[in-house]
Amino acid sequence: MGTVTTADPHASFLADKGGKVFVAGHRGLVGSAILRHLVSLGFTNVVVRTHAELDLTRQSDVEAFFAAELPRYVVLAAAKVGGIHANSTFPADFIAANLQIQTNVVDAALKCGSVRKLLFLGSSCIYPKFAPQPIPENSLLSGPLEPTNEWYAVAKIAGIKMCQAYRIQHGFDAISAMPTNLYGPQDNFHPENSHVLPALIRRFHEAKASNAAEVVVWGTGSPLREFLHVDDLADAVIFLMDHYSGLEHVNVGSGSEVTIKELAELVKEVVGFQGKLVWDSSKPDGTPRKLMDSSKIQEMGWKPKVPLKEGLVETYKWYVENVISAKK
Ligand SMILES: NC(=O)C1=CN([C@@H]2O[C@H](COP(=O)(O)OP(=O)(O)OC[C@H]3O[C@@H](n4cnc5c(N)ncnc54)[C@H](OP(=O)(O)O)[C@@H]3O)[C@@H](O)[C@H]2O)C=CC1
Ligand SMILES: C[C@H]1O[C@H](OP(=O)(O)OP(=O)(O)OC[C@H]2O[C@@H](n3cnc4c(=O)[nH]c(N)nc43)[C@H](O)[C@@H]2O)[C@@H](O)[C@@H](O)C1=O
């Protein structure tokens with residue numbers, strides 16, 4: 001159990017590098033990037049637990065953890081996460097685990113009395129399937145959701161509303177960030193349950209290694225997606241922890257989008273696969289387009305830095321060095 005360092009209660013997050021920060025989900029794509037950034041910024045008192053050490057779906061364990069550790073800041077990057085196939089195959093897991101994790105963490109963070117600020121991570125899937133593009137924050141709850149991930153989206157919407165309710169009733173400084181589709185080191189490269197970008201890296205890599213003639217890609221290739229490198233997201237999370245204390249959630253996107261066909265061609269080029277692409281239109285396309293309007297965070301002074309091709313080259317290198325090499 002670590003000790004809580006005393007510091008100026010009015011200090012900004014970045015001026016309080018000895019303040020205890022709990023990063024929930026520190027081994028995932030997002031949590032690991034946030035942890036790397038905090039360490040490189042000089043934060044000295046970061047507390048973490050793996051899923052096996054602390055199951056955040058268990059309320060009494062979560063309450064005991066907060067009462068013992070008394071963190072000053074919480075970043076909630078632990079969640080049940082997956083791509084279009086996992087979301088539509090396991091709707092009960094996605095709604096139940098996410099409601100449990102976020103409810104337990106936000107409530108225990110308030111009750112323990114030590115937390116000055118909490119950031120909850122949602123996702124762009126909270127918005128209606130046919131929201132105006134680019135999607136402004138005030139599109140929330142203005143229309144029906146995309147059916148392939150509505151269970152997950154409903155949990156994430158409940159998380160935003162819980163942060164708002166705790167701010168209104170208890171004056172608790174809980175904020176919410178809504179990232180677009182993310183990618184980078186420590187992503188999930190599962191063949192079926194991952195998101196499109198890591199799935200394609202793996203599929204093209206394996207096809208190249210086995211000299212396969214073709215690679216199958218899901219859907220029609222026409223949906224548009226906006227991708228943000230997880231290092232940019234980690235930078236935005238730390239920026240919001242330092243700069244933002246509002247009721248409304250904040251979109252975090254790169255501002256540029258590609259079709260899934262363009263993405264597949266780019267991954268093919270980066271991996272160096274020479275065969276052809278085959279489209280499996282029996283697989284769902286999901287939402288046709290979800291470009292975020294990120295003007296709110298940009299007007300506060302944050303902007304993304306990593307171009308898609310550069311991020312993809314770096315992520316493929318990470319995959320080869322860490323996932324493929326580990327198997328040998
Ligand atoms: N990936 C993306 O494209 C996007 C992600 N987001 C959001 O970012 C957040 C993080 O996502 P991402 O990093 O991709 O997810 P990952 O699946 O990569 O990581 C999830 C993390 O949560 C932990 N976790 C899951 N269930 C539990 C549990 N019951 N108790 C304790 N820990 C648990 C896992 O722990 P362990 O490793 O120990 O098993 C893991 O560290 C989520 O809220 C997600 O909605 C938003 C938009 C896009
Ligand atoms: C971040 C966001 O991510 C999820 O939504 P999504 O954007 O639809 O996610 P996706 O990455 O799985 O798919 C994007 C597109 O890509 C196509 N696609 C092609 N080939 C593969 C493929 O091999 N795998 C996957 N997964 N998709 C493929 C796929 O058919 C779709 O058209 C949410 O469930 C939820 O998790 C969420 O919030």
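Every residue, even glycine, has its Cβ placed from backbone N, Cα and C.
Values in this document were obtained by computation on a predicted structure and should not be read as measured data.
Some features that Swiss-Prot has for this protein:
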ACT_SITE  Tyr152  active site, proton donor/acceptor
BINDING   Gly25, His26, Arg27, Gly28, Leu29, Val30, Gly31, Lys156, Pro179, Thr180, Asn181, Leu182, His195  NADP(+) binding site
BINDING   Arg203, Trp218, Arg225, Asp285  substrate binding site
SITE      Ser123  site 'Important for catalytic activity'
SITE      Cys125  site 'Important for catalytic activity'
SITE      Lys156  site 'Lowers pKa of active site Tyr'
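Geometry remark: Arg225 (substrate binding site) versus Gly25 (NADP(+) binding site), CA distance 25 Å. Cα of Leu29 (NADP(+) binding site) to Cα of Arg203 (substrate binding site): a distance of 19 Å. Taken in sequence order, the recorded positions Ser123, Tyr152, Pro179, Asn181, Trp218, Arg225 that lie near ligand 1, meaning a CB under 6 Å from one of its atoms, are Ser123, Pro179, Asn181. Within 10 Å (C-alpha to C-alpha) of Cys125 (site 'Important for catalytic activity') lie the following recorded positions from Gly25, Arg27, Gly31, Tyr152, Asn181, Trp218: Tyr152, Asn181. In this view, the densest Cβ surroundings among the recorded positions Tyr152, Trp218 belong to Tyr152, judged by other Cβ atoms lying within 10 Å.
When Cβ atoms from all protein chains are considered, those within 10 Å of Pro179 (NADP(+) binding site) total 24, not counting its own. Long-range Cβ proximity for Asn181 (NADP(+) binding site), meaning a same-chain Cβ under 8 A and a gap of 6 or more residues, is found for Ser124, His195, Val196, Leu197, Arg225, Glu226, Phe227, Leu228. Checked against ligand 2, the recorded positions Gly25, Arg27, Gly31, Cys125, Pro179, Asn181 give Cys125, Asn181 as the ones with a Cβ under 6 Å from it, listed in sequence order.
Annotation for Gly25 (NADP(+) binding site): spatial neighbours Gly31, Leu76, Ala77, Ala78, Ala79, criterion Cβ-Cβ under 8 Å with sequence separation of six or more. Of all the recorded positions in the list Tyr152, Lys156, Asp285, the shortest Cα-Cα distance to Pro179 (NADP(+) binding site) is found for Lys156.
Each residue contributes its Cα atom, and for Arg203 (substrate binding site) and Arg27 (NADP(+) binding site) these two points are 23 Å apart. Ranking the recorded positions Lys156, Arg225 by the number of CB atoms within 10 A of their own CB puts Lys156 at the top.
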